Amino acid sequence: SDRRTVCFSLSGHISVCLYAYWGESNVVVLTYTPCVFQVSKKDFDGFKKLFHRFLQVKGPSVDWPKIHRPPEDSIQPYDKIAALPLPDSLADSLNKLVVVKLNGGLGTSMGCKGPKSLISVRNENTFLDLTVQQIEHLNKKYNTDVPLVLMNSFNTDEDTKKILQKYTHHRVKIHTFNQSRYPRINKESLLPVATDIGMTGENADVWYPPGHGDIYASFYNSGLLDQLITEGKEYIFVSNIDNLGATVDLNILHHLVSQPNGKRCEFIMEVTDKTRADVKGGTLIQYDNKLRLLEIAQVPKAHVDEFKSVTKFKIFNTNNLWISLGAIKRLQEQNAMDMEIIVNPKTLDGGQNVIQLETAVGAAIKSFDNALGINVPRSRFLPVKTVSDLLLVMSNLYSLEAGSLTMSQKREFPTTPHVKLGSSFTKVQEYQTRFESIPDMLELDHLTVSGDVTFGKQVSLKGTVIIIANHGDRIDIPAGTILENKIVSGNLRILDH
């Protein structure tokens, strides 16, 4: 293979012959307008590094016998941290904090167009509305200036910026920056599928945002990281915008800023106890004397079942992360941010098989000094990935106050019910037409719904409820119905469970 260098032609447009490891006959020419050149050059520089590493790495990135459980003091129980009294100077700590939300995803998995953060989740409030309310509440209560930063992708940036105008008079400064845009690669030839820099027509689906691990480079390249450091900010709290449990936790913040200088923690990962629903989630391990995130994609096939074991690997990463801004700057400038590559296979609409190279934000934990895990309550992990999740957070299981959802005190057991809605409920619009009102679920343990089913007003679900409409049948649950430990079948017979 032949290393290619970047060559520029500065005449009206700027042409770039992509640097890469492709043969002599495969010169990729991308045409830029000058205004996008700087951004695109940074993107391609990043892609070049990632692609170069991809070609060098063969096989699983971990040597299984070298994996050890983390030392006890490297994962602290949340209760121990929460037991410490909070200082009167809490406002000083908050003024060092920036809240960063990962806002690159679309709502397509829930049948919605546009950014996922703009889907209504509770009382007509979107994910973004709730986030702004949470931070505004903090700023008003403690008289602080905690800003919100959104990491958008090229998929979400335009729509997000339009909606931000409505928060002009809220007590939250909102900044945005864009993650990189990388070209998808033909699985067979390992050549980029893109023919030019455009995003329309044939090029509509040949670019992708390269995972949330791109936050470090994009944040640094945007200039926003330096700006926030200049303003006296020291830490970011990063989380997925669809995790409604990821609110600013004052106990964790205090623990972070109260460390002595020599042992100042640069990275905290919130983990929580694994259940059978979380067996694919990344976990923390000790590897080469460093705390490291182990994802299922890195596990040799012979050890996948072992990785999924709830007894051996008892915790998983919530992707709620507290990270030092100064440390990000140092590692970026030293080119020392080390993250494993995730190879994500995709099939384009035309049937072409491609791969996209990604990284995960939590994988960088091993690059930071004095990294720590905190085993937090499950309540800090409340992701809304499906319409089944949406039903839970819209119900009376949760109370809403100042943008934060908390489990209702009226529920006797703090565990979340298991809800599985069938294919008729996949899209938000379909789901909304099937519920005249959200059922009372305070005493629900398990709900399965399959087929053409609708719910009237003020339905109450308790214990285990299974509702299955056979193909061609329809089940309408009448208004005011109480279903407790019942199976409802295709001809509307209601049986005891």
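Cβ atoms are placed via backbone N, Cα and C, with glycine included.
All TrEMBL annotations are machine predictions without curation.
Database features (TrEMBL):
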type	residues	note
BINDING	K116, Q179, G211, D242, K385	UTP binding site
BINDING	H212	substrate binding site
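On its own chain, D242 (UTP binding site) has G105, K116, S117, F127, P383, V384, K385 as residues at least 6 apart in sequence with a Cβ closer than 8 Å to its own Cβ. Cα separation, Q179 (UTP binding site) to the residue listed as 'substrate binding site', rounded: 8 Å. A C-beta separation below 8 Å, combined with a sequence spacing of at least six in one chain, links H212 (substrate binding site) to L102, G104, M151, Q179, N240, N319, T359, A360, V361. Look at the binding-site residues K116, K385 and count other Cβ atoms within 10 Å of each Cβ; K385 has the fewest.
G211 (UTP binding site) counts 24 other C-beta atoms within 10 Å of its own C-beta, drawing on all protein chains shown. Residue annotation for UTP gives K116, Q179, G211, D242, K385. The furthest Cα pair among them is separated by 21 Å.
Other C-beta atoms found within 10 angstroms of the C-beta of Q179 (UTP binding site) number 28, with every protein chain shown included.
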